[in-house]
């Protein structure tokens, strides 16, 4: 706004140029021009009825002040009523003072629907946006769910409620099965850390060889050897429990007691012991190698499969420590420390966790773990249903069978029978004999079929989804490992992280410059709404 002071008389105008009449602009006229508005004037920085020129994601429109005044609570309504340029700038992303145009870096498709809202007062849902993106856009422009049209409100609310679990119900759709780009990006970011590490290329190749069976021929051989060692360890543990080996160890223990030595010092079969030592050496090599080659030590200890590897070798070393504590003492000393042998037996039982090492090489086991992780609610509901049913039918069976000597002596004793019956296992070790007891057993079995089937269906759907998703993710990572990962990581080996960031900024500036050169010098005249 220009302020003119002519011979003591002040003139103000909103125009950038003011043409004074000839008498006022004649010779000897004193004119004072100022570009700042007078503080004591009530004139706004823009006219209240002036059309609002906006640019939303490249879509330019002129919005009438009358249409915006109908909805003063929206962002554009508040922008139209802004009292100053500073207040208006806080409501938009950028403002071009020369063109008097407000810029918003938002979705242009939603903006077209927003224009329809200012015309009709109703907002319609866009199929091109998911419910969450649509809700974010509506919140940004100051719209609530109450402005949704009646034809779209029910559909929007239904999609918003069912979207988090859509992959359970429609798991066959490609969008629910295909791996997310972020999942592959996580793998890329992990591998990119080798660029700044010492011997990064060698460590990267060794890491991919151990972690990805489809990376190369050596990785496939390594995977086969690892699976064979795990199976051999499990087989040795099972063979050790056979009666022949148990009788041999019992005879050796009797001979040790007769000789005045502790029976805990009896050693296992030499062949099985050597096989056990070999398996432990291989497992220790795997754990230590993965720890040394891991791109992130913190993430290594947070990964469930790595924790399983550690637990698989931990019992052996704990047994060695217990053996050192027991010592090789004889007589009374060995008897005093003999109770520590029970601890050794507990440590040996922990060897059963080695079977979980197969999860590293099995998509099904990993999918099962992911299913249990994301199905804790359904598992909790299943246990709650079983607990209620077992408690009810156990009390009924105890009341009907307590006079009979068939094992229903107490309600806690009936819990075993109720659990076996509700899960339709039916061992038959305890059965009712009275008519009332048999009716209670029939109700328990039918109730178990209904109760167990409901959550199991949901858990099965989740397992199917995670299995297909895991297979798709492995295929995507395997395909990208051969060429895309090699190109990415080769560039990482040559430049540092700072250089990568600089190159990204330069490329972004170049793209911006290209867009500016391609843009027309005169913007098209926006449409009026």
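Here the Cβ of each residue, glycine as well, is placed from N, Cα and C on the backbone.
As annotated by Swiss-Prot, topological domain 'Cytoplasmic' applies to 1-217 (among others).
Same-chain residues lying 6 or more positions outside the transmembrane segment (218-239) and placing a CB less than 8 Å from one of its CB atoms are 208-210, 212, 245, 272, 275-276, 278-279, 282-283, 286, 351-352, 354-355, 357-358, 360-361. Look at Swiss-Prot and you will find 218-239 (among others) tagged as transmembrane segment, backed by similarity to another entry.
For 240-270 (among others), the entry in Swiss-Prot reads topological domain 'Extracellular'.
Non-local neighbours of the transmembrane segment (271-293) in the same chain are 203, 206-207, 210-211, 225-226, 229-230, 232-233, 236, 239-240, 245, 300, 306, 309-310, 312-313, 316, 354, 357; each lies 6+ residues outside the stretch with a CB under 8 Å from one of its CB atoms. Annotated transmembrane segment per Swiss-Prot: 271-293 (among others), in sequence order.
The topological domain 'Cytoplasmic' annotation in Swiss-Prot covers 294-304 (among others) and is backed by similarity to another entry.
As annotated by Swiss-Prot, transmembrane segment applies to 305-322 (among others).
Among the features that Swiss-Prot reports, topological domain 'Extracellular' is placed at 323-340 (among others). Per-residue pLDDT, averaged across the topological domain 'Extracellular' (323-340), gives 53.
The transmembrane segment annotation in Swiss-Prot covers 341-361 (among others) and rests on similarity to another entry.
In the topological domain 'Cytoplasmic' (362-376), helix, strand and coil residues by DSSP number 13 helix, 0 strand, 2 coil. The topological domain 'Cytoplasmic' annotation in Swiss-Prot covers 362-376 (among others) and rests on similarity to another entry.
The transmembrane segment feature in Swiss-Prot is assigned to 377-398 (among others); the stated evidence is similarity to another entry. With a threshold of 8 Å between CB atoms, the same-chain residues lying at least 6 positions outside the transmembrane segment (377-398) that come near it are 408, 410-411, 414-415, 417-419, 421-423, 432, 436-437, 440-441, 443-444, 447-448, 451-452, 454-456, 458-459, 462.
What Swiss-Prot lists as topological domain 'Extracellular' is 399-411 (among others).
Annotation comment: Swiss-Prot describes 412-423 (among others) as intramembrane segment, evidence class similarity to another entry.
Under the heading intramembrane segment, Swiss-Prot lists 424-431 (among others).
Across the topological domain 'Extracellular' (432-438), DSSP helix (H, G, I), strand (E, B) and coil residues number 4 helix, 0 strand, 3 coil. What Swiss-Prot records for 432-438 (among others) is topological domain 'Extracellular'.
Residues annotated as transmembrane segment in Swiss-Prot: 439-467 (among others). Within its own chain, the transmembrane segment (439-467) has Cβ neighbours under 8 Å at 167-169, 171, 176-177, 363-364, 367-368, 370-371, 374-375, 378-379, 381-382, 385-386, 389, 393, 396-397, 400, 418, 421-424, 426, 431-432, counting only residues six or more beyond its boundaries.
The topological domain 'Cytoplasmic' feature in Swiss-Prot is assigned to 468-529 (among others).
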For the topological domain 'Cytoplasmic' (294-304), residues assigned helix / strand / coil by DSSP
7 helix, 0 strand, 4 coil
Short question: which residues 6 or more past the ends of the topological domain 'Cytoplasmic' (362-376) have a Cβ under 8 Å from it?
304, 356, 458-459, 462-463, 466-467, 470-471, 474
Spatial neighbours of the topological domain 'Extracellular' (399-411) not adjacent in sequence (6+ beyond its ends, CB under 8 Å) are 417, 429-434, 436-437, 440
Positions on the same chain near the topological domain 'Extracellular' (432-438), where near means CB under 8 A and six or more residues out:
396-397, 399-401, 404, 406, 408
